[in-house]
Amino acid sequence: MPDLVGQEIDRITPQLIALRHELHQIPEVGLDLPNTARRIRSEIDSLGLEVVKAKSSTGYMAILHGQAGDGPLVLLRADMDGLPIKEATKLPWASKNGNMHACGHDLHMAGLVGAMRALAHVRERLAGSVIFMFQPGEEAYHGADKMIAEGLLEAAGRIPDHAYACHVWAGRYPAKTIFSRPAGAMASSDNLYVTIRGRGGHGSAPHETHDPIMACAQILSEIQVTVAREFDAFDPVVVTCGQIHAGSTENVIPNEAKMDFTMRSVDPKTRIRLQARIQELIHSLAKANNVEAKCVLDPITPVTFNDAAEYQFVANTLAVKFKERWLPQSHAMAASEDFAYVLEKIPGCFIGVSAVPEGTDEHKVQFNHSAKANFADYAVADTAKILAELAWARLQP
Ligand SMILES: [Zn+2]
Ligand SMILES: [Zn+2]
């Protein structure tokens, strides 16, 4: 059979790129993206799809019912938000409003619109349905889990059977490659806020005090020992103290010190173990130093975890479609991703798409979240094809 969705995406690619450039000029930050949402809504409405709007954000669930009988329900997702960064790319379609689509979510939206249009074009050949999730607030605003908490995964009447999303990357991966891996694709992210309470006093008489700064110093170094000696090097974890505050002058031992940590892991079980072990270590070192520790754990994002069977399906499908451009990914990325919340509820797969301009060294260009990150337009059609082909393959009668 001819590649109907691929051909349709080839036909509409100039329009998808124009849409990407348009969205790129109006990036909005957070959960409320009125202009972006209006533009996406017009695309959904032009296809006459059923749509459910989120209450917690300007997110949408659009639903396409196939006309070739019953079958699975497939969720495809794009995130919509930009970052509060002043763009420095000098591209003709650079941002005009002081924010920037520096993580490529403009390409994700244009790609999902492309998949939506191509699948709508072949709806009489689809057995089953597709739900298109347009999600604001991916950049640490919990946009996905807020939509899930509203019950929107069931916008089409039940929980979907499969879920797929792509992410474009401006560097690190060779131009035009497409990749994924089974199990952890992106790391979990948890914050840990630690307060050490001791007994302050004169800097000349530390024996009369319980020094919270000395406790902090031990905690900081022992955490790195624990990470290196108690966790498998092939199941990596990262613990970073990004903020530490104590004291006011050189000759006074303060009463209190505060430390803020970020913790990353790429396996859900390891994440639980890491959360517990680091807190246990802090409490035992505090005890040894005659100080008190209070730990407040703030779980931010789960591991973006690709189901083994889903990964195999994606690898088989994309290897046929993209040939040598498809690559198994050697290791997870330490950044985290909101799609993790969807993958906690629905088996699925998160797929990486290089957007490095052709002929460019992927290690010499700026990466995502840089004011100079430059995502090549070709990745719009790639994203559209990946998402559409996966849904197409799942919905064959
Ligand atoms: Zn980002
Ligand atoms: Zn992103």
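Note that Cβ sites are derived from N, Cα and C of the backbone, with glycine treated the same way.
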Among Glu139, Glu344, Glu389, which residue does TrEMBL name as a further Mn(2+) binder in the site formed by Cys103, His105, His167, His369? Glu139
For the domain 'Peptidase M20 dimerisation' (193-287), what are the DSSP-based totals of helix, strand and coil residues? 42 helix, 31 strand, 22 coil
Distance filter, Cβ under 6 Å of ligand 2; input binding-site residues Cys103, Glu139, His369; output Cys103
Filtering Cys103, Glu139, His167 (binding-site residues) by proximity to ligand 1: which pass a Cβ cutoff of under 6 Å to any of its atoms? Cys103, Glu139
Quick check: which same-chain residues outside Cys103, His105, Glu139, His167, His369 lie with their CB within 8 A of the centre of the Mn(2+) site CB atoms? Asp79, Asp81, Leu83, His101, Ala102, Gly104, Glu138, Asn368
Glu139 (Mn(2+) binding site) falls, by DSSP collapsed to helix, strand or coil, into coil
Counting other Cβ atoms within 10 Å of each residue's Cβ, which of the binding-site residues His105, His167, His369 comes out lowest? His369
